[in-house]
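Worksheet: the structure to be examined is printed underneath.
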Amino acid sequence: MILKRIIRSILTVSIFTFFSKITGLARDVLIAKTIGANHISDSFWIAFRVPNMLRKIFAEGSFSQAFIPILNNIHNNDCSNYHKTRSLINKTVIVLTLSVSVIAMIGILTSPLIIKTIASGICNSTDNIEQFKCTVSMTRIMFPYIVLISLTSFASSILNTWKIFSIPAFTPALLNISMIFSCIFLSKYLQQPVLSLSIGVILGGIIQLIIQWIAIIKIGFAPKWSTNFMESWNDKDVQKIIKKMIPAIIGMTISQVSLLINTNIATWLKHGSLTWLTFADRIMELPVSLLGMALSTVMLPELSKTFATKNTIQYNKLLNNGLKLVIIFGIPSAICMATFPTGLVATLFHFGAFNNIDVNQTKYAVMAYSLGVIGLMSSKLLSSAFYAMQDTITPTKIFLFGLVISQIVNFIAVPIYSHIGLALGISMGALTNSLLMLTILIKRNFFDYKNNNWGKFLLKIIPASIVVAIIFNYFDNRIDWIGLQTHFIYRFIIFIHIILLAMLSYLMVLFLFGMRPNNFTKTQT
């Protein structure tokens, strides 16, 4: 049964993604403990945001969304698929490598201008000269990461098309592990210890690429640089990918522009504001990546294949069940962030230089992000539905409107709530995106909510959600999470017990109200 296989794939991706996020949290805990939330940590997060933004725009975002449906179509439907598939892979890798290499070189040369543009707050006085220089140095060190991660994303797209999801889901953990080791073992040899994190990013990118390249060699589709750039550029399938990428690049750029605007605004706020937002974002990204990213990763090849065979009924069922999974896991995640923020932030980050004020400032951002969790998770799935149809224009228009909403919220909320207003803006923009995409899919008859028991489904979710909210709110107020800083192991044990209690209670209430796993599989064939 198709959905059973999809759920197994989602579970596989989620498990490895969870490991990656745990190593990411360990990395952030190490940074919080050794550096804290100050101008030095802000410098790193500003510098890291630049290549990370380009990664999302060119590599994991627009490229995979344009490449996978076309690769899937050729691989599954063309009678001479092996040679055409290999030809497409060979030509695409040449265009991708040279293009992102040029971008990386331009980025290295123009790093001071880039930092002045995205973080003008650290250039507004002579007191920030050293911070500016440090930020530029780290940006230059990390810019080649865009080349490494683009090729890694290229390999991931091939593996995902071949239904190999575990390796691409696991390798991001290697970046975090590399940064942890660099921070521990290299920092003491550097005049500016924070530079060790930048070196760790590059080492991690190299390791990620090697692991995934070995994997595509094993399936027999490792690319060969056997054709020249112009021949590859003029290939009709490569041109098709480029044409599909352009709207996707614009769409991803819009979402990243929102981040850049927020980064710039945060540099004008209190020292530590960007770090508070970053750590709150890490907590929010855990459920979003565990399910939202896992769903989009697994669903894009499946939806592409289903759409290519014109099986609209199956397409509809896949999308409906995918969105129900988002609701089942997204609602308790959002409730946890909204009603258990002190427990979350204190347990994960309250060490060393990360003080009581930092905990309180970060927890408010976590609460603001909770409003957008469902929107962020569902928009990843719903955008995949459009990309599977090779429609990259509609999501782009929606993301642009979401950006406008986000910045309107910023304009209103930041003067009142400071960095918390920035988190609110992201949340409102994400909700806008998901609602608009869902509305359009309904109008196009690709999402039939009337014949998929959504009313009964939501009536089962509501009582379970209320129980979870009561549990989290009770323990967040009952326990002195900040006071347990010196007993962090005991605090962590309590934290795990509360999470398990809430999870079991949620599942038990769902079970009592009649929800079963076969509710998602019995309709799939």
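Including glycine, each Cβ sits where the backbone N, Cα and C put it.
All annotation found in TrEMBL is predicted automatically rather than curated by experts.
Per TrEMBL, the feature transmembrane segment maps to 93-115 (among others).
Residues annotated as transmembrane segment in TrEMBL: 142-162 (among others).
Sequence-distant contacts of the transmembrane segment (169-189), counting only residues of its own chain at least 6 positions beyond either end whose CB sits under 8 Å from a CB of the stretch, comprise 12-17, 19-20, 23-24, 26-27, 30-31, 34, 152, 196-197, 199-201, 203-205, 207-208, 211-212, 294, 297. Taken from TrEMBL, the feature transmembrane segment applies to 169-189 (among others).
Annotation comment: TrEMBL describes 195-216 (among others) as transmembrane segment.
If you look up TrEMBL, you'll see 246-266 (among others) marked as transmembrane segment.
Taken from TrEMBL, the feature transmembrane segment covers 286-304 (among others).
The transmembrane segment annotation in TrEMBL covers 325-352 (among others). Beyond the transmembrane segment (325-352), the same-chain residues lying 6 or more positions past its ends with a Cβ under 8 Å from any Cβ of the stretch are 10, 25, 28-29, 32-34, 36, 279-280, 283-284, 286-287, 290-292, 295, 358-360, 362-364, 366-367, 369-371, 373-374, 377-378, 381, 457-458, 461, 464-465, 468-469, 472-473, 475-476, 479, 481-482, 484-485, 488, 491-492, 495, 498-499, 502-503, 506, 510, 520.
Residues or ranges marked as transmembrane segment in TrEMBL: 364-386 (among others). If you look at the transmembrane segment (364-386), the same-chain residues 6 or more away from its ends with a CB under 8 A from one of its CBs are 65, 276-277, 280-281, 283-284, 287-288, 291-293, 295-296, 299-300, 303, 319, 322-323, 326-327, 329-331, 333-338, 341, 344-345, 392, 394-395, 417, 419-424, 426-435, 437-438, 441, 446-447.
Annotation source TrEMBL lists transmembrane segment at 398-417 (among others).
Annotation comment: TrEMBL describes 423-442 (among others) as transmembrane segment. Tertiary neighbourhood of the transmembrane segment (423-442): same-chain residues 258, 262, 277, 280, 319, 323, 365-366, 368-376, 378-379, 382-383, 385-386, 394-395, 398-399, 401-403, 405-407, 409-410, 413-414, 417, 448-449, selected by CB-CB distance under 8 Å and a gap of 6+ residues from either end.
Summarising the annotation, TrEMBL assigns transmembrane segment to 454-475 (among others).
Remote same-chain residues near the transmembrane segment (487-513) are listed as 328, 332, 336, 340, 343, 346-347, 350-351, 459-461, 463-465, 467-468, 471-472, 475, 479, 481 (criterion: CB distance under 8 Å, separation of at least six residues from the stretch ends). According to TrEMBL, the feature transmembrane segment maps to 487-513 (among others).
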Remote residues contacting the transmembrane segment (398-417) - C-beta distance under 8 A, at least 6 residues beyond either end: 250-252, 254-255, 257-258, 261-262, 265, 269, 364, 368, 424-426, 428-430, 432-433, 436-437, 440
Contact yes or no, the transmembrane segment (195-216) and the transmembrane segment (246-266), 3+ Cβ pairs under 8 Å, gap 6+: no
Close approaches to the transmembrane segment (246-266) from elsewhere in its chain (Cβ under 8 angstroms; 6 or more beyond its ends): 46, 49, 53, 56-58, 61-62, 65-66, 117-121, 273-274, 277, 387, 392-393, 395-396, 399-400, 402-403, 406-407, 410, 414, 419, 422, 425-426, 429
